[in-house]
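Here's what TrEMBL has on this protein:
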| type | residues | note |
| --- | --- | --- |
| BINDING | Gly103, Lys104, Gly105, Gly106, Val107, Gly108, Lys109, Ser110 | ATP binding site |
| DOMAIN | 5-66 | domain 'MIP18 family-like' |
Amino acid sequence: MISPEQVLAALRNVEDPDLKKDLVTLNMIKDLKIADQQISFTLELTTPACPMKDMLKNACLNAIKHFVSRDAEITINITARVTKPMDTNQLKDIRNIILVSSGKGGVGKSTVASNLAVSLAADGAKVGLIDADIYGPSVPTMFDLVGAKPSARETEEGRTLILPIEKYGIKLLSLGFFADPDQPVPWRGPMASNAVKQLFNDADWGELDYLIVDLPPGTGDIHITITQGFPITGAVIVTTPQQVALADTRKGLAMFKMPGINIPVLGVIENMAYFTPEELPDNKYYLFGKDGGKALASSFDVPFLGEIPIVQGISEAGDKGEPIALNTSNIISAAFAQIAGKVAQQIAISNAQTAKS
Ligand SMILES: Nc1ncnc2c1ncn2[C@@H]1O[C@H](COP(=O)(O)OP(=O)(O)OP(=O)(O)O)[C@@H](O)[C@H]1O
């Protein structure tokens, strides 16, 4: 007769390589049931986008076969419960707020933010996206929602809440939904800061695993408003390989590390890293130099999350209002999915570290 203690003892040999503890200690094994040689349990991961899902499942199977019984019939259900960096009453139903930031404009920050949102949602996470780019909100275009206006609802306490617009399984709010698209710089100074705060505080987000925030480029008032005003899990930095972009990215990255701000940098993504013709994906032309983003990440001792090439389909998909990651048969979509997995992984690591400190 196999006992639960035997199975748990076997699973104590399986370590989560990121969190550096075994799965039993991490409380990831749930609903263990045993009937003769049949063993079933749920493996509760820290994110549905976990890149190590299969590896951990196989390690569990092997550990039970090795330490308990070769003949056991093992069923493992995989679920996820996304962790939070801290328990606060502020925005308590939003588990993680992730800032997507860039030193310079036009490097593809909104493209990356939108495709990350799509990839995380495709893995089964509950995702929201705030477009806080006061200079040129692009989420309405990228999600084919130009001219859309969110509705509102009244709470029992008499508060009015904005209802995010849901598209492709993502809850969306953009400053662009509240401005005239033909106005050149619709939001300025305190008005912009107040509008951005409202997108967080006065919206009916419901429960979210990840709220991704597309920031304006550079370091300005909006950055201060958001970093000081809300419990932020971490920031993802987008750069391109050109020296001018990398120089500005350094400043952007340094801002998050400043003592008064001190937001974990989850990593650097290099967009437009190389040119590749869609019909010849193995041909890579590093037009603006190679590995600049990687070198930048290593000089700040933050993770490098991956590179995205310049591909015509990315901008075409964005302009059409259907982020390229929606088309899962595409290799670019696979690249975004891989980066999204790494972002989710870094969030879990960062949250585990915050919980410890
Ligand atoms: N990897 C890529 N390959 C091809 N085109 C891209 C790629 N990344 C972004 N683009 C295109 O480059 C343009 C700028 O991208 P995007 O709007 O995402 O940049 P941004 O950094 O958010 O800009 P802004 O500073 O205006 O907010 C868009 O037309 C987008 O479709």
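Positions of Cβ are set from backbone N, Cα and C atoms, glycine also.
Under DSSP, residues within the domain 'MIP18 family-like' (5-66) fall into helix, strand and coil as 21 helix, 19 strand, 22 coil. Listed in sequence order, the residues Ser102, Pro217, Val238, Thr240, Ala245, Asn271 complete the 8 Å Cβ shell around the ATP site centroid, once Gly103, Lys104, Gly105, Gly106, Val107, Gly108, Lys109, Ser110 themselves are left out.
With a cut-off of under 6 Å between the Cβ and any atom of ligand 1, the binding-site residues Gly103, Lys104, Gly108 reduce to Gly108. Across the domain 'MIP18 family-like' (5-66), the model assigns an average pLDDT of 96.
Within the same chain, residues at least six positions away from Gly105 (ATP binding site) with a Cβ under 8 Å of its Cβ are Tyr135, Gly136, Pro217, Gly218. Within the same chain, the residues at least 6 positions away from Gly108 (ATP binding site) whose Cβ sits under 8 Å from its Cβ are Ser102, Val238, Thr240, Asn271, Met272, Ile308, Ile314, listed in sequence order. Sequence-distant neighbours of Gly106 (ATP binding site) (same chain, 6+ apart, CB under 8 A from its CB) are Pro217.
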